[in-house]
Amino acid sequence: MTVTDTFKLFILRHGQSELNSENIFCGWIDAQLTEKGKSQARHSAKLIKQFCDSNNISLPQIGYTSRLIRTQQTMDVILEELGLKHTNYVITTNTNIKEELQDTRFEGSMPVLQTWRLNERHYGAWQGQRKPDILKEYGKEKYMYIRRDYNGKPPKVNLNLEMVQEENDQGSSTGYDFKEPNRHLKYGPEEKANERLPESESLCEVVVRLKPFLNNVVLSTANKISQESCVIVGHGSSVRSLLKVLEGISDEDIKDVDIPNGIPLVIELDRDNYSFVRKFYLDPESAKVNAQMVRDEGFEKNP
């Protein structure tokens with residue numbers, strides 16, 4: 001089966017964020033991209049274009065990001081580099097995707113659908129904490145179990161202290177320098193759709209909330225409008241979850257999968273039944289080096 005016979009997903013983890021660079025658990029905290037992260041996104045776009053040109057296939061026709069700004073900034077840079085105009089739209093379980101894609105707002109513009117189901121795993125009370133500090137507190141075995149095991153789960157977040165409050169926010173005086181955005185303000189569409197947002201997650205729970213989106217939105221849309229490819233910008237855990245579902249990776253083996261920042265991974269699926277065909281990084285050497293750096297996070301000294 002050749003490249004032109006398959007449906008292609010260009011999947012990547014967002015470029016480096018401000019908290020990535022500080023070795024801090026980010027989770028649902030809305031960290032911005034660093035200049036390095038923006039550079040990674042531009043390089044990703046060039047790799048995608050080179051691949052499409054060399055295989056005589058079209059550039060992606062639709063994009064997907066999480067609701068967190070670091071994926072949206074990564075997508076913005078990629079599409080700007082590719083010369084593609086785009087329109088962002090938040091989707092929930094109440095969204096009729098087919099009707100939305102026929103909306104005139106997308107005429108001459110690539111749709112980019114944003115969903116919380118692509119958000120990073122919610123790291124609970126670990127969010128905003130330095131990884132070496134958590135390693136020291138929990139010890140190597142428990143740290144690696146919670147961080148890497150399919151069922152490992154951090155303690156729940158205290159949203160009264162670790163989320164920006166809508167009124168009378170106390171800032172860092174609560175003991176937390178980095179907080180996730182106020183949910184009522186950030187996730188209004190999800191609140192209206194009665195989506196249940198987590199306060200801590202295992203990778204297993206990320207898979208559960210992401211799988212319906214993959215099947216009912218990404219693959220269903222590809223089938224209905226005969227797409228050749230799409231681009232998905234996610235996070236370490238949401239990309240691992242996509243791989244687990246698409247490739248059928250076991251619960252045991254998924255703990256050994258590490259996702260580097262800003263390097264496109266191509267997943268090819270059979271057009272007839274969307275079964276897995278193959279996967280490969282567009283920059284395999286860099287992916288290998290940077291994936292090992294991800295695995296080693298927390299074992300370095302504090303900056």
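Yeah, the Cβs are placed from backbone N, Cα and C, and that goes for glycine too.
Copied from Swiss-Prot, the annotated features are:
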BINDING   13-20, 26-27, Arg70, 120-123, Lys131, 147-148, 236-237  substrate binding site
ACT_SITE  His14  active site, tele-phosphohistidine intermediate
ACT_SITE  Glu120  active site, proton donor/acceptor
REGION    168-198  region 'Disordered'
COMPBIAS  177-198  compositional bias 'Basic and acidic residues'
SITE      His235  site 'Transition state stabilizer'
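If you check the recorded positions His14, Glu120, His235 against Lys131 (substrate binding site), none has a Cα inside 10 Å of its Cα. Rounded to a whole number, the C-alpha distance linking Arg121 (substrate binding site) with His235 (site 'Transition state stabilizer') is 8 angstrom.
Spacing of Gly236 (substrate binding site) relative to Glu120 (active site, proton donor/acceptor) is 7 Å (Cα to Cα, whole number). Cα of Glu120 (active site, proton donor/acceptor) to Cα of His14 (active site, tele-phosphohistidine intermediate): a distance of 10 Å.
In the three-state DSSP scheme, Arg13 (substrate binding site) is classed as strand. By the criterion of other Cβ atoms within 10 Å of the residue's own Cβ, the least surrounded of the recorded positions Arg13, His14, Arg121, Lys131 is Lys131. DSSP classifies Gly27 (substrate binding site) as coil under the three-state reduction.
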